Amino acid sequence: MSSEHSANGSSWAEGINAQCTALFTRRMRVFAVIWAIGFFLNEAQAWGFRNGIFHNSIWLEQAAGVYHRESRNGRYQLTYKEAKAVCKYEGGKLATYDQLEAARQIGLHVCAAGWYDKGRVGYPIVKAGANCGFGKVGVINYGYRLNKSERWDVYCYNPNLKECGGTLTDQQRIIQSPGYPEEYQDEQICYWHIRVRYGQRIRLHFLEFDVEEDTGCLADFLEIYDSYDDISGFAGRYCGDYLPNDVISTGNVMTLKFLSDASVVAGGFQMEYIAVNASLLHFQNDTSCCFT
């Protein structure tokens, strides 16, 4: 009899333990889901999630009169003297720390260190990344540089600078070179950052194209990036008067960068982008795309 009671008690205890384990597992799963939702909402708020679109502040290259410049030879090529000359040439001056912070507060986010006033180097970021900000948010300050021959980019300030480019989230939009249909001006640097809804892709169709032609497109050019910035996802550089083929993004973001030098100008360009549901597209081995 005692053996039977012992067996029943053991079975009852095992049943209770199993129920407790199952209950604990369910609660942990619920907790994980709640945590994930909370994390997503926090991230969405930080990046401005609205109407199915992330309005990502990393797109902005210019805000509150502050703008980022790099040498035509590429990133991190300007000495302090050269950096001041770049800003002065455009009618501006080196940005101050307070001007950088004011621009950052309204969305300026550039993960590239540059000279600013009083011989200091730093960059403004809205959101820290794996290789950007060292886990911090704000004006990342490298401090005063004793060696003015160090080479960085530059942050200039000119509240009267004429803007070109912009952040585009429409489903369809015409993009034109500055001053189109007139010739574009020299010394232009314009960024268009396009982002559409998740599950969509961006189809870019050229309507007119006339940009100064030279070997390697080193003078004036239009660059296309299959990403939210001009650091990764390089898709092509274009110049001359040949009408490029359509370009289709692999995701829901695309960046266009137009740069003109100080010499010859040309007629400019006009193009149209349209957001297309990814389910309507299929890609072939040559990366061209057509509707199914």
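For all residues, glycine too, the Cβ spot is worked out from N, Cα and C.
Here CYS156 is paired by TrEMBL through a disulfide bond, and of CYS87, CYS111, CYS217 its partner is CYS87. Here the candidates are CYS132, CYS164, and TrEMBL names CYS132 as the disulfide partner of CYS111. CYS156 (disulfide bond) and CYS111 (disulfide bond) have their C-alpha atoms 15 Å apart, to the nearest angstrom.
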